[in-house]
């Protein structure tokens, strides 16, 4: 929320906040289909198709890893080729990442795209996402059967099944639905994602698809997604690694019937953008909370940075510090490690100005204002020096599942929040397939 | 070793390599004194003084953390003020970092500097290093007593005691001694350091002091140290965190009697620089091997990068990847995680050109040439795609304590090596003071 101040959106905040609601009503015109084709040893669903009756404007953000999976390269190329519009379908498989698979992998991704589009009678090839093991070819006999079955059993908006079919090491499916009113019309958003931790034998992937019936131009959808990701998926860290397959994609089919959003400064744009951002933020936080081996959800709130970039650099350094993450696991209010991580971030901080608090909260609204509330916050550092503290009270505070680390840099007016999990014995065991 | 190629030192390498030897003879003219003044609960030695009969030229590199301990700020200022020369003494305490201690901390560091110099009748204030708990004032009654006792019991070159007195969570003391011949004179080097892991209640520190009787100008000593650190202490990673107190300092008193080195292109300069680098590299590797909770020593060798900077970025990304480090702990030859870490490094690598091997070795000479030796190396990736492999053989290879990860980028001619430890259950327990 805090970064709103820097984007001059604060004035509008109160108005739109009250108009963004959770909903059980899905966006109009979308259908989903799932199937268990046998890519997963568990026999769970591994194919998911998402179809829109009407052609959609689309925006997507892909992994910045130089090693990109075949479906990432294909989807990126399709979106560029079709100028972010005209898409009706997305095909996703779990149980195989189709990464490091060479030309055969490229051909298989293309087959998934063309076969699903053809069966759905879509006007353009489908976008494609894959997640699972790196370096193995997909069993295309199974995948093709899966696509045939999933596309032949489409249901109206069965988002729970869709969210289940893309899971890999996730413990729970991840679905967020929001509704807003634009131009007198009800606009709905459904977002699904998968992420969790990294596990045998290679690495997992963060995939997210957000579908909305909002009417918005492709030119406006891109910056809205970029903004949403900046403060959600790009503001979480589980273990600092970036996969070969990470993809976030938004489809907008316009069936809500609102007047098309074409102005990035309009209230309607800002409200839709905020709704997408809140959808993405809740999904991203679900990934952190479900992270392999995590026992704590940690919100890092950097206040009064010189600028937003500096705030993010400091927050990121704290979120990726193994020492901070193990300390929180051990329920140790180790302000020294937090301060050292801030100092090592590269940001031009001034140690003698820094104050710090540990808190507990719900991961959303700790920070501004709350640092003066002794019922949930405890100060550990004032102007760069430790404050006297009650050890029993500190132990009580750190025993919570939701831990806040609030760092006031006292240098400017920019704030930045990030979320991470603790580094636990269970994380190491899960990621090393530790033999007991 | 590999970076020599880029600094045009390869031709000279063979000559000087044969002339750098380990030795038990210490540098001339140095004395050390130690004492247990009671800063450590264990009652172990916690005060170390190093004294040189003759005034020394000095070079030092300090933590880049914005949060710097009082002794770091003082030593940096003293060295600047006296233009890197004229120093005769160094006072070190373990059992307290004197960081985040405000003006009282500044005064205490100055007292340590002045008191020790005065007792030793040194012409300039002593340099100061501290390591231990952050945010607590030193008990100066104990420290002053310790300085009085240590300076009154000086011994010729008792480097083992000195190395012991600076230990915190280290399991073993760390001492390396090298000898070379310069200008027909025997020149000796003694280096001590401490590091290990990070442990309750705050963070540990990397301290290193190298003393030599080489005759070298202050202007030449600075680049020689910088070079040495680049390929040693700046090429290791235990958990990616940087402390408030990290310091590496070299004292050169000239008592070997060689003609003063004043030319950075001279053979003598290059030989001394290489000897300092080897001393620093062995000390740095000792820190990794002794890291809290480590069970494996991992050498990451990046071959044929576009340039050295790119090679280092890739090596660093692999060395700091929690997923790579947990995989090695689990003895899992997880090439996918290594490739993903390389891809996420930010370097402009070309995935389809990359080949990769796992190996075992002594952490020094794996890499160039050895990747074709099937007795210690096994290929997992060729031109970006996985190679067929024998799982039993892979398991055998990964069961070694010393693991090499060799990544050939096939883009240029620059090579870079870094060293790290695995991420283990014991690491997390040690750093969270896990309660069993």
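Cβ from N, Cα, C; glycine included.
Feature list (source: TrEMBL):
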type     : residues                                 : note
ACT_SITE : A:205                                    : active site, nucleophile
BINDING  : A:168, A:194, A:205, A:292, A:431, A:436 : substrate binding site
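Cβ neighbour count for residue A:168 (substrate binding site) (all protein chains, 10 Å cutoff from its Cβ): 23. Note: none of the binding-site residues A:168, A:194, A:292 has a C-beta at a distance under 8 Å from a chain B C-beta. Cα of residue A:431 (substrate binding site) to Cα of the residue listed as 'active site, nucleophile': a distance of 14 Å.
In sequence order, A:168, A:194 are the binding-site residues from A:168, A:194, A:292 with a C-alpha within 10 Å of the C-alpha of residue A:205 (active site, nucleophile). When Cβ atoms from all protein chains are considered, those within 10 Å of residue A:194 (substrate binding site) total 29, not counting its own. For the recorded site, residue A:194 (substrate binding site), the DSSP three-state label reads strand.
The Cβ of residue A:292 (substrate binding site) has 22 other Cβ atoms within 10 Å, all protein chains considered. According to DSSP, residue A:431 (substrate binding site) is assigned to a helical segment.
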